[in-house]
Amino acid sequence: MANNSPALTGNSQPQHQAAAAVVQQQQQCGGGGATKPAVSGKQGNVLPLWGNEKTMNLNPMILTNILSSPYFKVQLYELKTYHEVVDEIYFKVTHVEPWEKGSRKTAGQTGMCGGVRGVGTGGIVSTAFCLLYKLFTLKLTRKQVMGLITHTDSPYIRALGFMYIRYTQPPTDLWDWFESFLDDEEDLDVKAGGGCVMTIGEMLRSFLTKLEWFSTLFPRIPVPVQKNIDQQIKTRPRKIKKDGKEGVEEIDRHIERRRSRSPRRSLSPRRSPRRSRSRSHHRDGHGSSSFDRELEREKERQRLEREAKEREKERRRSRSLDRGLDRRRSRSRERHRSRSRSRDRKGDRRDRDREREKENERGRRRDRDYDKDRGNDRERDRERSRERSKEQRSRGEGEEKKHKEDKEDRRHRDDKKESKKKHSRSRSRERKHRSRSRSRNAGKRSRSRSKDKASKHKNESKEKSNKRSRSGSQGRTGSVEKRKREHSPSREKSRKRSRSQDRSHKRDHDSKDQSDRQDHQRSQSVEPESQEKEHKNKDETV
């Protein structure tokens, strides 16, 4: 807010003069309706936006070209304040068309393909529209917009201010903004490359009545609002020639406005007719002569003012020519610099390309050497793997042979063990059968002996009982006789015989057992010898 105060203080006088001139013209023409001023003091400084708050209601093709242009991304990015953007407009803007001259190829295309609505092929977007979108990014206030449309240095600053209003403000407020400037006669060339000079008033009338602006479109105005604007414009016809006092007053106002905008002043001093008339009336006593003199002075004043206007126009033309020459020179310098830079860049690129090619060749050589070494290593590895596989095969064959021999040995041993087990089983069966037969014979013998002994014992007991019964008195004698009998040699002989028989029987049994054992040992000793012989014979055959 504080940065914009100097620009507004110097422009307050032209604003009030323009508003007063419009009111006087309406009263003289008979327009009874009172119009609203462009900006009232009661309104706030915050300026509301209408439509899309991100794209500023611009055509998408133009917006994408603005955002992708290096001028907007690099140079305008450094501008941060309102005054810096205004200075950039003063030095860079030469037309108000959206595209630069010759950048869009639309020859032979008609309708929508011709780019009438901005949907054709894009081109180089103009600096004017880049700066217009930069103003939109700054979010201008009401006072800043008024400073743009009443600026005194360049008509292109005013034109961009009016375009900002046309794109961002509601359609119902456009008449309030543009009404006091519809008769503004400041000239500007709006076409790229020149050839389309119009005044500020004519440009504003086209803004209000037409949607097309060269190869783009303004935001659409609703039908009732458009009808209202058309009716109000019909009541305000554009005045081409002005006669009498009204023309003089308009010329005076226009000259005052020019003087307030330009620092230079005209050579003829401004004098009011009342003061000249009063002075001449006091000097000369005759009123007719004073009136004639006053008329002559007024004619001279008008002539001088016309000459001053012509001089101002010539100065403007010379200034515009000088500006054009300066711009062309600066552009030619920039082109020369850009060409020299491009040449330097091309040389640097060539050197870089050569270095890159050399590095690539070195890398290729390294890769080739590495591939060769790698191939040699692979061949060595293959030979080693082949040798290892041969060794492993030979080892595997030897191990397989050993394994087969071990298996055969195990089979022979198992066969021998099985044969031994079978032989031992058969021998054990024979032994068991023999032992059973022997035990049976021994049992029979023992049974027969026990029967004999029992029968003998019974007989003896019977005899003893008979003897005891017979000789009860002769007990002692009988006992003595019995003792004698028992200790008689026949009795002892019989006992000795029985004992000798038992001993002989035991000896026979022991001898039989020893013979069986010896036979078993002989068979066991013979079997391993036979097995060893068989194994040797098999080994010899293998």
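Any Cβ shown, glycine's included, is placed from N, Cα and C.
Of the candidates Ser266, Ser330, Ser525, Swiss-Prot marks one as phosphoserine, and that one is Ser525. Range with Swiss-Prot annotation region 'Disordered', chosen from 1-24, 169-192, 193-216, is 1-24.
Remark: of the modified residues Ser318, Ser320, the most isolated position is Ser318 (fewest other Cβ atoms within 10 Å of its Cβ).
On a Cα basis, Lys227 (N6-acetyllysine) lies 39 Å away from Ser320 (phosphoserine).
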